Amino acid sequence: MAYTSSLTVSQACLARPSAKRCSSLPANQHLSLSPRDLPSFSGLRVRSYTRSPALRRLPTRSTGRIHVRASAATDVAVVDKSVNTIRFLAIDAVEKAKSGHPGLPMGCAPMGHILFDEVMKYNPKNPYWFNRDRFILSAGHGCMLQYALLHLAGYDSVKEEDLKNFRQWGSRTPGHPENFETPGVEVTTGPLGQGIANAVGLALAEKHLAARFNRPGSEIVDHYTYAILGDGCQMEGIANEACSLAGHWGLGKLIAFYDDNHISIDGDTEIAFTENVETRFQGLGWHVIWVKNGNTGYDEIRAAIKEAKAVQDKPTLIKITTTIGFGSPNKANSYSVHGSALGEKEVDATRKNLGWPYGPFHVPQDVKSHWSRHIPEGAALEAEWNAKFADYEKKYPQEAAELRSILNVNLPTGWEKSLPTYTLESPADATRNLSQQCLNALAKVLPGFLGGSADLASSNMTLLKMFGDFQKKAPEERNLRFGVREHSMGAICNGITCHSPGLIPYCATFFVFTDYMRAAIRLSALSQAGVIYVMTHDSIGLGEDGPTHQPIEHVASFRAMPNILMLRPADGTETAGAYKVAVENRKRPSILALSRQKLPHLPGTSVEGVAKGGYVISDNSRGNRPDVILMGTGSELEIAAKAGEKLREEGRAVRVVSLVSWELFDEQSQEYKESVLPSEVSARVSIEAGSTFGWEKMVGSKGKAIGVDSFGASAPADVLYNKFGLTVDAVVAAAKHLFAN
């Protein structure tokens, strides 16, 4: 269908061809369906529902064919063929790779087709156009569904060769969707539940920006977030955490499709998962719809999406009952199609069963023609939005400039000068308190800066004092109240930062509770999401709460994680420097480990030194040959500095080094690293209130690492430091031992 220039973009979208299933059919047109496909009811709003035992226990194999007449209308035939194209692109890619998950794409092809071909707005030639709808495949193992859809839609990132190289070295079609590998993929998914939590973050970002920047008649922020999640996502706790928040926040532009196929890797989900998902989601504050025939009920899927869009005050879960591996005569509706290739014989049988006469990776010409319109349509959508934004810019120049900085991560000139400065006369304070000063300073100058805590804002000191709380009726505010939901907090922040480059989210809890959110932090690092993790109570120095709350191995574990900055500042100057680094690093997350106890401001610390990761704060040696090098981080840098003073009083040449970030130090030139830690000096002592694991890298085989290699204890901080040997005397004794040997 051609669109004339007199149509608006919105009208053009509404004018897209829609497949209508008719009741009068030629006798020679029919589909082969399994008994599970028989129900064909309209989408219903669910009040309570439990799958009937009969439906749950349908046989996995059909002994005969059931013939259902198909529409003679051309558009219906093309839609059917398009849906099967998606299925067979997935089947063929998995088969060629001899690895993958064909079952989900085969079952979800109808909903995927309707979303990408009839509902979503996007520009295939500019995957990063701001006002596009976002699609998240939370059940990331079924990624061939997304790759097939991107391929048909005309994305340059997924050509036929990319489909043929599925899961291979250097491919743009990896085994799970990765946003940094494949333009068109919004977030990295795979670990179940993460994707739907990311989708909550994306929807939050849309609602927040819309509230801040839209004006009557100038709705320049207006897009939806769609997600497909499966039974596995529903079982993961992170999904419930995130969906609870989505309901609380009233994210009405979040629409999630629950692929209800009742099969997981171990078999029928009945063995471990029998809860009423619909009732749970209603309790979480979601609108719930059930589409009983997700295999061929195109109109029911369309009606459900229409109903979901009409509900603007809450997110919608559309439960779509599907058959995993639809079309496979011997493996459909069974776990055997979940995570492995069908096999050559079953691929042939599936081709025959679905009447698919084409060879591997073939896209029929009428399907190509049908999908080809998305390229000009996408360009028209973006052009229309650009014109709308240009008009907005004339009417609201200040708002437009602010939004543009968020869209393009243009940090204001001189933003770093807003960070507080400290002197030796500044009162001693906990770095968590100094962090709050930095957060509030940054919020005044960075338009995309927002964040919050997992019910610990008053303890993490993370409240932005000039803003209110982001809530259902106040989405323009910037304090995010996550509640006691650490895991989803991290994943939601990943979604926020993946929404727009200039959105800079931070989230906070006690450092020990990174254990609850480690998977989300790892995905921050993997997906190049520059979340700022503000982690307080960073050591045994938190004191009386005891070993359950005292992190020991956590610093070392994050130093082992790729593409993440682990920063442990020692005073106000280093805290400001850590925030400067964290804001500048938009392609990798940062963790700031902050103290509960008060710390003095130390001579020699600098913002510039923090940027290098490791630097000298004091030194009385000559020729780059100190007698001993003392190293520390965070609260223990003060101990190292005092030990250095004591040794100097005894006539020793001592260098004291702050190693605030090992990752940044590793990135410096060899010449610089040698100037800080000369290789000829083997007398080295480190002190850190955590595991000594990894410190051999810095102290060498002849040096001494002082730390805590057991769990902590309940006692005041000063008592704990003495009992665990984190003292000036211990550092001095270690240095003297090295001198003697």
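Cβ coordinates come from backbone N, Cα and C, glycine included.
According to TrEMBL, the feature substrate binding site maps to H101, H338, R432, S459, H537, D545, H549, R596. Under the heading site 'Important for catalytic activity', TrEMBL lists H101, H338. The feature thiamine diphosphate binding site is assigned by TrEMBL to H141, G190, P191, L192, G232, N261, H338, F513. Here TrEMBL flags D231, N261, I263 as Mg(2+) binding site. Residues or ranges marked as domain 'Transketolase-like pyrimidine-binding' in TrEMBL: 429-601. TrEMBL lists E486 with the feature active site, proton donor.
The structure, with features from TrEMBL marked on it.
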residue : record                            : Cβ contacts under 8 Å, 6 or more apart
H101    : substrate binding site            : V94, H141, G142, C143, M144, H338, G339
P191    : thiamine diphosphate binding site : G140, A519, L523
N261    : thiamine diphosphate binding site : G103, L104, G107, G230, D231, T321, T322, T323, I324, N333
I263    : Mg(2+) binding site               : G103, D231, T269, I324, N333, S334, Y335, H338
R432    : substrate binding site            : S459, N460, M461, T536, H537, L594, S595, R596
D545    : substrate binding site            : H537, S714
H549    : substrate binding site            : F510, V512, H537, L542
Quick check: with D231, N261, I263 left out, which same-chain residues have Cβ atoms within 8 Å of the centroid of the Mg(2+) site Cβ atoms?
G230, D259, D260, H262, S264, T269, I324, H338
Predicted model, mean pLDDT over the domain 'Transketolase-like pyrimidine-binding' (429-601)
98
Would you count the other C-beta atoms found within 10 angstroms of the C-beta of G190 (thiamine diphosphate binding site) for me?
19
Residues near G232 (thiamine diphosphate binding site) in space but at least six apart in sequence (CB under 8 A)
A139, L192, G193, S264
In whole Å, how far is the residue listed as 'active site, proton donor' from G190 (thiamine diphosphate binding site) when you measure between their Cα atoms?
19
About how far apart, in whole Å, are the alpha carbons (Cα) of the residue listed as 'active site, proton donor' and F513 (thiamine diphosphate binding site)?
7
Which ones in the same chain are close to F513 (thiamine diphosphate binding site), with CB under 8 Å and 6+ residues apart in sequence?
A454, E486
Identify which of the binding-site residues H338, H537, R596 has its Cβ surrounded by the largest number of other Cβ atoms within 10 Å, counting every protein chain shown.
H537
If you count other Cβ atoms within 10 Å of each one's Cβ, which of the recorded positions H141, L192, D231, S459, E486 has the most?
E486
Mind computing the max CA-CA distance among H141, G190, P191, L192, G232, N261, H338, F513, which the record assigns to thiamine diphosphate binding, rounded to whole Å?
34
